[in-house]
Amino acid sequence: MKNTSTRLLLTCAAIGVAGGIVFSISAYVSGTLAAAAPMFYGAVIGVYFLPGVIAQALLRRGGVALITSVIAGLVSVPFQPIGFAAVMAAGSIGLLQEIPFAITRYRYWRAWLFYVAVTIAGLIFGIGVYLAQGAEQSQPWVQVLHIGLFVLSPVFFTWVGRAVAAGLDRTGAGRGLQLPIVRTRQPRSTDSDAPTNADSGAGTSTR
């Protein structure tokens, strides 16, 4: 069990470090968009969903999206214009990614749930940025574009992340760590299921 926990954390760390490098590159792209054309800022927000999606699709375990997202945020801090706030942003997205799977008690990992999860998370995150930027004062088409990109971008990068996870899976990166896509609850054994002396042949007869 200890070896499994160590491997799990190391796998999350590796995904998180790779995600942090991607975050660092995208930070300058998103910063440029935010300054020049803020309505297109949502087009790159999906990048921040990548580490969590890859970890969840590969490992199918609770908490991995949050762990990898926080690590990715920490790695990117020195290269981010927003500094340590990148950790808060990445962690918030990782937490939002966890919620739909937590509702299923981490027993259900079908593809459609990934897309539902990031659609909801992207919508919540997009509305938050929308209000923070005062986008409600923009023209209606700008408002629709702003929110739409915050939804579509995470969906696209979720598809990318799942493809990356499938590639990692083929290399055996998740072997021994993955849980089933669907876990059914094991029925509890009852006293009637327990073997009796007569059933097990343990009883002896005397003459």
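Keep in mind that glycine also has a Cβ here, set from the backbone N, Cα and C atoms.
These come from TrEMBL:
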COMPBIAS  187-207  compositional bias 'Polar residues'
REGION    184-207  region 'Disordered'
TRANSMEM  34-51  transmembrane segment
TRANSMEM  58-76  transmembrane segment
TRANSMEM  82-103  transmembrane segment
TRANSMEM  112-132  transmembrane segment
TRANSMEM  144-165  transmembrane segment
Review point. By Cβ distance under 8 Å, which residues at least 6 away from the ends of the transmembrane segment (34-51) in the same chain are close to it?
Key: 15-16, 18-19, 22-23, 26, 65, 68-69, 71-72, 89-90, 93-94, 97, 118, 121-122, 125-126, 129, 133, 135, 138, 142, 145-158, 160-161, 164
Revision key, fill the gap. Outside the transmembrane segment (58-76), at least 6 residues beyond either end, the same-chain residues with a Cβ under 8 Å of its Cβ set are 8-9, 11-13, 15-24, 27, 48, 51-52, 86-91, 93-95, 97-98, 101-102, 106, 109, 165, 168-169, 173-174, 177-181
